[in-house]
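Student: Mind having a look at this structure? Questions to follow.
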Amino acid sequence: MIFGCYALFNLLASLVFGKYLVHIGAKFMFVAGMSVSGGVTVLFGVLDQVPEGPMFIAMCFLVRIIDAISFAAAITASSSILAKAFPNNVATVMGSVESFSGLGLVLGPPLGGLLYQSFGYEVPFILLGCIVLLMVPLNMCILPNYESDPGKHSFWKLIILPKVAFISFVITSLSSGFGFLDPTLSLFVLEKFNLPAGYVGLVFLGLALSYAISSPLVGLLSDKMPHLRKWLLVFGNLITAGCYMLLGPAPFLHIKSQLWLLVLILVINGISAGMSLISTFPEILSCAHENGFEEGLSTLGLVSGLFGALWSVGAFVGPTLGGFLYEKIGFEWAAALQGLWALTSGLVMGLFYLLEHSRRRRRSKLQNSLGTEEERTALLPDET
């Protein structure tokens, strides 16, 4: 519950901050979120000094909740600022940011483990919190201060758009997939291949590195050729589904589980997840603009908040449901069910894009035929 409350409050805070981004101010929201997040990270490192019992439990909940709210503020504001600063290269910028997220996933566990073994529980949290706090004055000097008027639209108007609703399903499935691997993959590797505990982190390295390297490349391709963005999203989901089917592998495939195959699948999964995920933000943003949402920080705040909220839903459902399924039916079937989620979202998105393309073609033909009829009507008096 202490870990789960983070995702819940991150979800709620993302929606609130996305709605009121313009009222609060993007720069202030980002700087304040970073400041509070850095401070509570330091506090988390000294929780072992709190007396055990209800007081300790209450402080754990309080620190995690405040950290979730402050992190939601920082992420929502940063996504909006980046999209505002680079309106023609949204996917490229988002992909570059995700590469640093992947780098954090790569460096976090080994560095944290090394500091924990060498200096004890407090040092990893205090050091990381101080690094975050040191970034605050730098961002205060560098970040632009954008002004914008409040928008008239809401999250409800955004989420009921069919395209946005389907993409929301995709984001949640991708987030759930990453969350599913956290509690289950390490246990599976330890049981199946009898690896030393220190080597388990190296297995995750394939996923994190491939995601970090491929994300900016996918973002650049998405911006240079926007017409490919939708198919990157669809095929990324379908490939991701295949990866989860092969992680175990699923028993119905009758493939022997091998360590080299597992690592290869994780590498492919990192690339395919990047293909899908990087395309979602610009797709939601373009859909919002096509449906009358104003261009500016108010819409960017809504899109950023929605993205953060959906990611939190998957981050909660993935490990919770994944841990339950792992205990009940084993890793192979649990991973296959996770792959079924990704397969469903990919097929639904593909069907939607095909129908959208068909509608646009029919509309274009209708407009052309109407234009031809108008030209004939205009020429008829002259012919007589």
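The backbone N, Cα and C atoms fix where each Cβ goes, and this holds for glycine too.
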Student: Check each of the ranges 28-47, 88-107 against TrEMBL and return the one annotated as transmembrane segment.
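Tutor: TrEMBL lists transmembrane segment for residues 28-47.
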Student: May I ask which of the stretches 56-77, 198-219, 231-253, 333-355 has the most CB pairs under 8 A with the transmembrane segment (299-321)?
Tutor: 56-77
Student: Tell me whether the transmembrane segment (259-278) sits in contact with the transmembrane segment (123-143), defined here as at least 3 Cβ pairs under 8 Å among residues 6 or more apart in sequence.
Tutor: no
Student: Is the transmembrane segment (333-355) packed against any residues at least 6 beyond its ends, judged by a Cβ distance under 8 Å, and which are they?
Tutor: 162-163, 166-167, 169-170, 173-174, 176-177, 180, 184, 230-231, 233-238, 240-245, 247-248, 250-252, 276, 318, 322, 325-326
Student: Could you check whether the transmembrane segment (231-253) and the transmembrane segment (123-143) come into contact, where contact means at least 3 Cβ pairs under 8 Å with the two residues of each pair 6 or more apart in sequence?
Tutor: no
Student: Taking a Cβ cut-off under 8 Å, which residues six or more beyond the ends of the transmembrane segment (198-219) line up next to it in the same chain?
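Tutor: Same-chain residues near the transmembrane segment (198-219) but 6 or more away: 89, 91-96, 98-103, 105-106, 109-110, 113, 181, 185-186, 189-190, 232, 259, 262-264, 266-271, 273-275, 277-279.
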